[in-house]
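A.B. asks: As annotated in TrEMBL:
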- 1-70: compositional bias 'Basic and acidic residues' (COMPBIAS)
- 1-291: region 'Disordered' (REGION)
- 77-94: compositional bias 'Low complexity' (COMPBIAS)
- 104-122: compositional bias 'Low complexity' (COMPBIAS)
- 129-169: compositional bias 'Low complexity' (COMPBIAS)
- 176-237: compositional bias 'Low complexity' (COMPBIAS)
- 250-291: compositional bias 'Low complexity' (COMPBIAS)
Amino acid sequence: MIFRKYKYERQRETERDRETERDRERQRETERERGDRERRQRERRQREGETETEREKRETEREKRETERDRRRHLSQQQQQQQQQQQQQQQQQQDRGCHEELLQQRQQQQQQQQQPQQQQQLLHKRHQQQLLQQHQHQQQQQQQQQQQQQQQQQQQQQQQQQQQEQLQDQDIRIRISSSSNSSNSSSSSNNNNSSNSSSSIFSSSSSNIIINSSSSSSNIIINSSSSNNNSNSSSSSSRKKNRRPEHQKNSNINSNQKNNNNKSKSSKSSNSSSSSSSSSSISSESNLLSL
């Protein structure tokens, strides 16, 4: 653009210089022609001795010719000026068009440069929004996981409590069953054994149950098992005692007859001991339930 302006100005300056030189040459030519004419006219006058009237006519014609020449020159100059103005206007229009084109090109370039920047900004915003959404989604997932973990922990705690309650119920049932079994076994053993041994065993088992009912569950289970063992041992010992050889039966008839009365008494005592054992079992059950 600047190069075009500079070139156009140089062209105008060269054209002006040329026109000035042409005008100078024309003026010189006209002056030469005038001088030549005047010289020729003088020579003719001198030769022919023309009158003043003829000379005036010639001068008027000469002036007319000069005026016409000047008019034509003026017209040509006006035409040249008009042409120059038109050229200048055209050049200015072209320059304006070039300038506008350059401006449009620059605007297009700026828009093209701004478009990727805007696209990058939009992409950056979208990326930020996606990151925020992902972060929120992760937080929601973490919260859901935490809630699920809490629910699982609560369920586990509930299950543990249920298991503990079931175990406690089972322990209570086992203890109750063990106490009932011990009472039953003790009663059966009392029916089969002799009076003295049975009374002593029942008294010991009942005492153990009564004493240990106030203690912990483990002691009750152990003591109940010990009572069962004692009852079993007493029953086995009584059976062994009852298995006597035949030659001793005759010798001990009198002793058995004498002990019949004792058996009746021992049965009474066994009944009393069984009642005490049942009461002890009931008391142990109540204690277990209270525990």
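Just so you know, glycine gets a Cβ as well, placed from its N, Cα and C.
Bear in mind that TrEMBL entries carry predicted annotations, made automatically and left uncurated.
Set these features in their place in the structure for me.
C.D. replies: Distant neighbours of the compositional bias 'Low complexity' (77-94): 8, 12, 15, 19; these residues of the same chain sit at least 6 beyond its ends, with a Cβ under 8 Å from one of its Cβ atoms.
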A.B. asks: Can you work out which residues elsewhere in the same chain, 6+ from the ends of the compositional bias 'Low complexity' (104-122), have a Cβ less than 8 Å from its Cβ atoms?
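C.D. replies: No residues contact the compositional bias 'Low complexity' (104-122) from elsewhere in the chain.
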